[in-house]
Amino acid sequence: MSEDELTFRAAYWPVLLLRALPALALAAFITFSSDHSPALGLVAFGAFAIVSGLITAGLGARALRGPAARIRTSAIVQGALTVVAGVAALLARDGGVLVLLYVVSVWAAITGFLELVSGLRSRGRVPGATDAITAGALTVVLAVAFLLVPPDLLVQYGGVEQREGQLTAPVVAVGLLGAYAAIVGVFLVIAALSMKWGTSTPTATSAADAPRTTESAS
């Protein structure tokens with residue numbers, strides 16, 4: 001492992017971990033909220049997108065140096081678009097389910113595609129390219145899922161205890177958003193820790209080999 005790669009890994013794993021935090025916070029907020037209205041979905045997504053976008057465009061771009069410099073522009077664009085989507089969601093928080101479906105699906109399609117392509121182009125040359133491919137693919141899947149949600153969805157159901165309820169488009173959309181955030185958040189934590197542990201492997205190996213080298217010299 002080259003020195004440039006070690007430097008990049010040491011600088012970039014905290015960015016992955018920081019990206020995981022707003023995703024996990026969004027997942028927890030949706031999970032423990034009884035309100036799955038379009039307004040809540042737009043506000044929750046807006047807050048998540050602004051924080052996540054700033055991390056991606058700011059800290060991520062600063063860490064993308066050395067072998068990863070080629071994908072810095074893509075990270076900046078991805079982060080900027082995420083912030084714009086977050087601001088749009090907050091400004092249109094009273095827009096209803098159509099706005100929620102539109103904003104999230106457009107954001108997910110564009111940024112997911114950017115991250116997916118960026119990972120594919122840098123695969124084998126940039127550490128963590130596979131992580132970008134996976135995260136991008138998950139975001140594209142979210143876009144497809146949102147596009148498949150009928151805005152007028154309304155399904156009446158009765159539970160085990162004969163409690164009646166309704167399955168509506170906002171409930172499905174907000175639930176999908178929470179599930180996506182949970183999956184991506186956990187994945188980014190794993191990716192960050194894997195990259196962090198990768199930075200210490202060569203050092204540990206060198207330290208283990210040092211006594212043998214000394215003994216051989218004697």
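Every residue gets a Cβ built from N, Cα and C, even glycine.
Annotated in TrEMBL:
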type	residues	note
TRANSMEM	12-33	transmembrane segment
TRANSMEM	39-61	transmembrane segment
TRANSMEM	73-92	transmembrane segment
TRANSMEM	98-117	transmembrane segment
TRANSMEM	129-149	transmembrane segment
TRANSMEM	169-193	transmembrane segment
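Long-range contacts of the transmembrane segment (129-149) within its own chain (CB-CB distance under 8 A, at least 6 residues past either end) are made by residues 16, 71, 101, 104-109, 111-120, 122-123, 169, 172-173, 176-177, 180, 183-184, 187-188, 191, 195. Sequence-remote contacts of a segment are chain residues at least 6 beyond its ends whose Cβ falls under 8 Å from one of its Cβ atoms, and for the transmembrane segment (12-33) they are 40, 44-45, 47-48, 51-52, 55-56, 59-60, 63-64, 68, 127-128, 131, 174-175, 177-179, 181-182, 184-189, 191-193, 195-196, 199.
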